[in-house]
């Protein structure tokens, strides 16, 4: 008999809580996503995260620690090499990434790859550099609309991103080109973690807006994860946001795309009204995409306050035999130089209405603590070659 019938894990994408011990190896010095956001604003009101003990883990301006937080808290460390979305999420479900995914941040993509992409898609390519999505649209959006060329760019992550204006380039055409790019980049020397379709609207510089029709074409996980174990043993695995894309559909029984992080929380609240047995895995991407990468601490703080209101509704809806875990996949300090992710600890906040105790757990050495705890709860073995130790027996 499972201790919890339903487990909900909500990933606040990029909500790091302070530099990891090895962060300087990643070029990240004194980074602190949550701490620096709080220092950048005049007021910061997150009463539900506060009640769950987030300020007990980490000093946060305007948010005091609480004497008796609900549930259990820990600062989780990342065992894998990297600080990107796929590494973080794959590790949560048990995989240990020891070789970083290929990046083309400094060089752009090889000409041979671009030539093949042009030949297969029929579109010339412009861009081919590391850039922020909004800047590259201002630079090349008008050119694309006039010529039909493809805007290809990358970032510090292992990604090849293709932009297409929805009305002139066409959404289906953009997806077709991305599928070809995914096929081409399965070669070892070009193997990026994700191809991302970046559709946008608008006709001139300063007015371009990316739409919610983004699609990620990820590599399949290189091994079995906790999600596969759950699905193969007839448990529900319901995803919200970009989770299905991150795992290329592996181990997911139902995928729900979100238009925004607020929408993702609304979807989660609807799923909570359903009767199911298994796991609901939620990713809220706006924190990272709209505020972290764009180095906007004010926007990030406001998004967290909106999230906290919906978190209150989630807490109210939890059944006695539900478990809620709030976490993140990496940091993205909006006050730090550049536009890239930051290597940080992430929160592990676990709560069920059936808990009698509360308190801080020792720092787990891996994000896979989450996957191991889920597997343990449902009486499943961790897949061969995975990492992670369950803390289920500590959640009392």
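Numbers here mean position along the shown chain, with the first residue as 1.
Just so it is clear, glycine is given a Cβ too, placed from its N, Cα and C backbone atoms.
Keep in mind it's a predicted model, so treat the numbers as computed, not measured.
Listed by Swiss-Prot as binding Mn(2+) 2 are 288, 293; the candidate from 215, 341, 358 that the record includes in that site is 341. Within the set of binding-site residues (293, 330, 341), the lowest number of other Cβ atoms found within 10 Å of a Cβ is recorded at 293. According to its DSSP assignment, residue 330 (Mn(2+) 1 binding site) is coil.
Nearest neighbour of residue 330 (Mn(2+) 1 binding site) by Cα distance, taken over the binding-site residues 288, 293, 341: 341. Listed in chain order, the residues near the Mn(2+) 1 site other than 13, 329, 330 are 11, 14, 15, 84, 85, 88, 89, 288, 328, 331, 332, 341, 346, each with its Cβ within 8 Å of the site Cβ centroid. Within the same chain, residues at least 6 positions away in sequence whose Cβ sits under 8 Å from that of residue 288 (Mn(2+) 2 binding site) are 13, 14, 85, 332, 341. Counting every protein chain shown, 29 other Cβ atoms lie within 10 Å of the Cβ of residue 329 (Mn(2+) 1 binding site).
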